[in-house]
Structures are given as structure tokens and as C-alpha cells.
Amino acid sequence: MTATETTTLAARLVTRPRRPTSARRVRARRALVGYAFIAPAVVLFLVLGLYTIAYSFGLSFAKWNGFSPTWEWVGLDNYRDILFADPRLAPEMRNAAVNTGIAMVAVSCGTVLIALPLASLLNGITRLRGTLRSIFFLPYVTAGVAVYYAWRYVLEPDGAVNLALRALGLGSLARPQGFLADPATALPTLIVIMIWGSVPVAMLLYLAGLQAIDPAVLEAAALDGAGSVRRLRHITWPLLVPITVAVVLLGLRDTMQGFQIFLIMTNGGPAGHTDVLGLKAYQQAFFQSLSPTLGVASALGWLIFVAALLLAVVNARLLRGQR
Amino acid sequence: MIGNRRILAAVAAAALALTATACGDDDGGAEAGGALTMWTFKRTHVDALQQAAAAFKAKTGIDVRIEAFTPDDVFTAKIQSAAQTKDLPDVLELHSGGEDMRVGGGGLLTDLKGDFDGKLDRFLPSTRESGRVTQQRKDSIEELSSATVGSLYSVPFTAGTFGIVYANKQKLEAAGLDPAKPPATWEEFLTYLKATTTADKTAGGLSLGLKVTQTGFNWIYEQLAFAYLGQQKFEALFGKGTTAGFGSPDGLRTLDLYAQLKPYWMPGASALGIDEADIAFAQGKSAFNVGGTFTLAFLAQNGMKPENVLTFPIPPATGGAVSDLRLAPLALTGLSVTSTTTNKDAATQWVDFLTSAEGAGIFAKASLDLPATDLGTQAETLIGTDLAALQQFFTGPAENTYDAANRGFRPPDYDEVEMGNPLLKLAPLGEADAAATGKTLDTVIKAMWDAK
């Protein structure tokens with residue numbers, strides 16, 4: 001650039017400065033474009049997120065059947081009825097809460113007890129590890145409505161499980177009424193199926209955790225004379241505790257909020273032996289012959305949410321304690 | 001660059017707008033003068049309704065589109081969401097005497113009083129008022145609080161009753177029983193069951209969809225108890241502050257009678273839904289099946305020939321008040337016209353046609369479901385011998401007739417589901433005896449009377 005050109009440019013800048021209004025306009029345009037991009041996501045969140053949350057919270061203080069023009073406000077009655085006030089509803093909810101609690105603990109513990117040894121075994125082999133990992137992951141890929149129906153056929157009185165038990169000379173373990181119609185086996189059977197569905201992810205998490213452990217640490221311990229049990233107890237297990245906490249809490253949360261398996265396989269039966277809170281909420285909403293029970297369903301949903309929130313707090317504290 | 005971003009942003013915003021507008025009317029009611037839409041919750045009714053619709057079109061030129069939404073929770077959710085989006089069809093088939101009242105009370109149904117009050121004599125007498133808002137209903141159904149007594153929210157469409165036993169004639173024969181002779185008493189019924197389960201241990205029992213727990217109470221126990229106790233004592237079981245409830249000596253006797261079924265239930269009955277139990281019977285997995293008049297249609301659809309089935313009402317126990325039990329037909333479903341229809345005249349015409357002798361005949365013959373329309377002497381011609389044969393259980397003296405539609409003696413907040421679980425624990429689960437069951441049922445009834 002020559003001196004003349006520089007002078008001319010400088011003179012132009014001095015004589016024709018960019019007007020601040022024009023700069024603002026450009027910035028506003030750019031902002032507008034940005035807002036237009038995020039608008040769909042924001043609107044979707046407002047409609048599907050905040051709106052439904054606020055709607056559901058309001059509904060939990062009302063009686064409504066889903067189509068009447070007005071809600072009848074009942075204050076805290078829905079919460080009170082669920083917890084203690086309604087002599088018909090409250091005992092059912094308590095029964096469902098107990099079943100939910102049993103399932104939450106059993107599924108979480110069972111998942112850890114199966115997934116950890118499975119991951120350890122997979123970590124200890126090199127041949128066929130990928131193939132076996134895929135096989136063990138299959139239940140997670142296939143779990144769903146169709147698989148639950150398949151399980152029902154397998155568990156019927158003349159289903160594959162009873163046939164196999166009888167063929168193996170274990171007829172005393174067979175259930176003549178089938179595993180889902182027998183009050184003694186219905187809930188345990190559903191728990192086993194839920195564990196079957198949750199082991200794959202837990203196993204993968206454990207496998208990732210095991211592969212992250214520095215082999216030199218284990219080697220040093222072995223050189224110091226630590227056997228496999230001591231190595232597992234004093235080195236591997238402490239390093240896997242954060243993963244275990246995550247697996248347990250995921251199991252607790254999924255079991256507390258999920259109810260598809262209970263709806264499809266037993267619908268809470270026989271005689272309420274597999275009723276859980278999520279299922280009760282669904283039944284209150286959609287199986288009451290259009291009675292105004294959506295408020296009760298919503299209140300129950302919020303009580304489950306509070307329980308889930310408490311779990312999340314416990315989760316955060318446990319994970320913080322591990323750091 | 002900025003220009004491209006603007007175009008992209010505009011496209012995104014347009015997509016959002018289109019998505020929002022796409023949620024609008026797609027399957028709702030008719031445009032004025034256009035095709036009608038009708039929703040039903042019964043898949044088994046679709047073909048028959050379509051046949052009737054074809055006949056209706058030939059007569060009037062009006063198209064009717066039939067859509068089924070099953071199971072019940074899906075139908076419920078569909079109505080709830082359609083009510084919110086003002087996207088209801090023109091005509092609905094609803095459960096009579098409850099669902100229609102709630103939907104009507106919610107302002108979604110047209111009052112058909114003016115159109116059908118003069119035509120109600122075409123229906124079976126016990127079904128005529130099934131869609132009417134009465135003072136008793138207004139007092140017990142919250143949604144009717146602002147409804148006008150006398151309004152007609154539905155007209156009866158299908159009728160029938162529960163407590164019909166279906167027996168597989170081949171299995172009766174294989175057990176050495178006469179396949180043409182139904183058991184006359186409860187005790188004889190038990191001997192039949194014993195014979196069939198002895199002949200075939202795994203597939204000779206009784207099936208019923210006990211996963212829907214109230215079926216045991218509604219479809220067997222009530223008829224059995226009514227026949228044993230007679231109408232007055234039966235009604236006293238449900239009384240307010242009664243001393244003659246389920247835990248009374250009379251109540252316990254009826255529970256003991258019911259518990260006698262325990263050895264004869266089909267394996268796994270308590271995990272079967274209603275349709276699954278019917279299918280199990282149709283597939284030969286049980287010798288007896290309990291259902292309603294509507295069950296015949298479903299059995300036929302699943303391959304069971306009606307001529308291979310012996311039907312009879314729940315047999316009365318020896319020594320009881322009623323020795324020849326009859327079952328009054330009640331309206332099971334009704335037809336309603338929605339308040340949002342833009343073509344009320346055509347919708348009313350369609351309902352009128354479906355409940356006429358001609359329309360009801362076409363529907364009944366194709367669906368094997370009994371119409372609420374009284375077909376009189378034409379019944380056998382219009383609906384066939386198998387279906388007409390079921391109607392023989394409807395007629396008899398009033399004192400011998402169990403009427404499931406008679407709800408006046410029950411608590412206003414009566415919920416049959418809550419009666420089912422205690423009975424299921426009595427039989428087939430065997431977790432409670434008659435005394436414990438009677439006590440639980442009395443507690444449940446008291447709680448219903450005490451409900452707000």
C-alpha cells in the first residue's frame with residue numbers, strides 16, 4: 001500500500017465513520033439468525049418440557065378425566081389419598097411401594113453380582129472376547145415389548161422353562177401354574193428378567209473400568225505375594241466402586257420408573273403380587289373407565305419423581321465421596 | 001454466508017411451523033356433507049360395521065369410515081387427546097351406563113333425546129334407558145353434575161350378559177359326558193369338571209381371564225350367589241352397614257361354593273387376559289370357558305365352530321333360592337353422536353340405521369354379537385341359529401333373573417376391580433379362606449360406602 005492510498009483510506013475513515021446504528025443492525029441480524037436456528041429446539045423444550053411439567057404439576061392438585069372442560073381443584077387431596085387418607089387407594093399404593101422397593105434392591109444387587117464376575121471373566125480372556133461381549137450384550141439390544149411376550153410363552157405352565165426343568169429331573173422346581181400365575185414366583189421371575197435386561201450395560205461399564213486399571217499395579221501386588229482374591233478385594237474392587245455406584249443407581253432409577261415389563265407380563269397380578277408404583281400411575285390414568293383420576297396419577301408421578309430426586313442426590317454425594 | 005444462514009434459519013422455522021400445523025385435523029369428524037367417521041374399541045366389530053356401512057351407503061349415499069382403537073387404555077387416551085384437539089369422530093361406540101355418561105357429562109356428546117325418544121321401543125326392554133341421565137346417575141357420577149336429567153347420551157347397540165359357560169363338546173364326549181346335556185346344578189357342573197380334568201389333566205379344566213381380576217366376581221360369583229341367596233339376600237351382601245354381608249353365614253356359604261372350583265381351573269388361569277383365556281379354550285387347552293354372550297363371536301373368529309360348543313348359564317347350587325337361573329340382557333355398548341360433529345343429521349341417520357332391524361341384523365350376523373335391537377320373531381332369520389340360541393337365557397320370571405345392570409343397591413362409588421383381588425386369593429390362588437375373603441370384601445364395601 002502506498003502512502004497516498006493509506007492517506008486516502010484514513011481520510012475515508014475519518015470522514016465516513018461506520019455508523020453505530022448500522023453496526024447494531026448487523027449484530028441484531030446475526031442474533032436473529034442465531035435465534036431462528038435455536039427456536040425449534042427452544043419451542044420443543046418449552047412445549048414438551050416446561051409446559052408438560054407445569055401442566056402435570058398443576059394437574060396433581062385437581063380431579064380431571066382428560067376431556068371435561070374444567071378441572072376440579074382438590075388441593076393436596078390426591079397426595080393425601082395416595083399416602084394415607086383413602087382406605088382403598090392407600091393400601092394398594094403401600095403394597096405397590098413395597099414391591100417396587102423389593103424390585104429396586106434385587107435388580108440393582110443382582111445386576112452387580114452377575115455383571116462384575118462376567119466382566120472379570122471377559123477381561124481375563126483374549127480369544128473370543130469380542131464375540132462373547134456381543135453375545136452378552138444381546139439382551140440389551142433385544143429387550144422390549146416383543147421379548148417380554150416371548151418370555152411370557154417361555155414361562156407358561158407348558159412353557160420351555162417347565163419342560164426343561166422336568167427333562168432335567170428337576171420337576172419339583174417346575175411351577176404347575178406357570179411362573180407368572182404363581183404368587184410365590186411372579187415377582188422373583190420379573191426381577192430375574194429385569195436383571196437379564198440390565199446386565200449387559202453394567203457388564204460393559206465394568207469391562208471398561210477393568211481395562212482402565214493399570215496392569216502394573218496388579219503385577220506389583222502379585223509380585224508382593226497377593227493372591228487373586230486379595231487383588232480383587234484390595235485393588236480391583238476399590239477402583240470399581242464409582243462404576244458400581246453408577247450401576248446400582250441406574251438400576252434403582254430404572255426399576256422405580258419403568259413399568260412396561262409389569263404391564264405386559266402380569267398387569268400387576270396375580271392379585272396385586274406384582275403391582276409397582278409406575279404401573280399404578282398408568283392404571284390410574286388410563287384404566288379407570290374415563291373416571292376423573294388423572295390427578296391421582298399425576299400426583300403419584302410426582303411422588304415417584306421426588307423419590308428419584310432423592311436418589312439422584314444420594315448418587316451425587318456417593319460419587320463426590322469417591323473423589 | 002450470512003445469506004445462507006438466513007435461508008437455513010427460515011427453513012428451520014418453516015419446518016417448525018409445518019410440524020405444528022401437521023398436528024391438526026387428520027382423522028376427525030366429517031366436513032359438512034362429507035364422509036362420517038366412527039370409532040369403536042372392539043376390533044371384532046370392525047368388519048361387521050363396515051358391512052353395515054356399505055348397506056347404509058347404498059341407501060343414503062353417505063360414506064362411513066370405521067376405525068378401531070384397542071386395547072381399552074389406547075381408546076381412552078385417544079378420546080382424551082382428541083377431545084383436547086377438537087378432533088373427535090362423528091360417532092362413538094362406548095361402554096354403556098358408565099363411559100357414555102362420563103363422556104357425555106364432559107360435554108363431548110350430543111343429547112339424542114329429541115331424535116330417539118320415540119324410537120326406544122325398538123330395543124330390548126331392559127336396555128332402553130341405558131344411555132339416559134337419571135337422578136341416581138347424576139348423584140353418583142361426578143361428570144354429570146351439570147347434566148340435565150332425561151338427556152340421552154347414547155342409544156343401546158349391543159346387548160348381552162355375563163355368566164355364560166361355553167363347553168367343548170368333544171372334550172365332554174371324551175370324558176364320557178353327554179355333549180348335548182348341560183349340567184342342571186352347580187354340583188353337577190363340578191362333576192362335569194371333575195370328569196373332564198380326570199380325562200385330560202392339563203387341558204380339561206376351566207378357563208377365564210383372571211388377569212382381569214373382576215371377571216371371577218362378575219362372571220361367576222355374582223350369578224352363583226344370586227341363585228343361592230335370591231335377590232333380596234344377594235343385594236344385602238352389598239348393603240350399607242349390613243350385617244348380612246360377605247362375612248355373614250349366607251355370604252360365607254356362597255364363597256365356599258365358589259372355592260369349590262379351585263381344583264378345576266386351567267393351569268395359569270390367573271395370568272390370562274380375557275382374550276387369552278378365550279383363545280386357550282378355542283385352541284383346546286380347556287374344556288370349559290366362562291364369558292358373556294359376546295364371547296361366541298371371539299371364539300368363532302379364533303377357529304372354534306359354534307356347533308362344537310355347548311352353552312349354558314352358571315348353574316345354580318342345589319338348595320338355593322333359584323333353581324332355574326335366567327340372565328337379563330343389559331346394554332353392553334351404546335352409540336353416541338359427538339357434540340363436535342359438523343354433520344349431526346348424517347351421524348344420527350347412521351345411528352338410526354345401525355339400530356334398525358335391518359342394520360342390527362347385518363351387524364349381528366357378521367359379528368356374532370347380539371344387538372340391543374329387539375328382532376322379535378325375525379331373530380333366527382336375521383342373526384342365525386347360534387346367536388339366537390343364546391337369547392333363550394334371557395327370558396324367565398323376574399325373581400329368577402339376575403340383572404347385572406341393576407346397580408342401585410351397590411355403593412355409589414362401587415368399583416368391581418376391588419372385589420376381584422380378594423376372590424382371586426380365595427380361588428384359584430388359595431391364599432385366603434372363605435372367612436378371610438368375606439371379611440376383606442366387607443371392608444372393601446364399607447370403604448366404598450364411606451368414600452367422599
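Glycine is no exception: its Cβ is also placed from the backbone N, Cα and C atoms.
TrEMBL annotations: computationally assigned, not manually curated.
Feature annotations, reproduced from TrEMBL:
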DOMAIN    A:97-315  domain 'ABC transmembrane type-1'
TRANSMEM  A:32-54  transmembrane segment
TRANSMEM  A:101-122  transmembrane segment
TRANSMEM  A:134-151  transmembrane segment
TRANSMEM  A:186-208  transmembrane segment
TRANSMEM  A:235-252  transmembrane segment
TRANSMEM  A:299-319  transmembrane segment
Short question: which residues 6 or more past the ends of the transmembrane segment (A:235-252) have a Cβ under 8 Å from it? 104-105, 107-109, 111-112, 115-116, 120, 198, 201-202, 205-206, 208-210, 213, 217-218, 221, 226, 311-312, 314-315, 318-319, 322
In terms of Cβ proximity under 8 Å, which residues at least six beyond the ends of the transmembrane segment (A:299-319) contact it? 56-57, 60-61, 78-79, 82-83, 93, 242, 245-246, 249, 252-253, 256-257, 277-278, 280-281, 284
Name the range, of those listed as A:32-54, A:101-122, A:134-151, that has the largest tally of Cβ pairs under 8 Å with the transmembrane segment (A:186-208). A:101-122
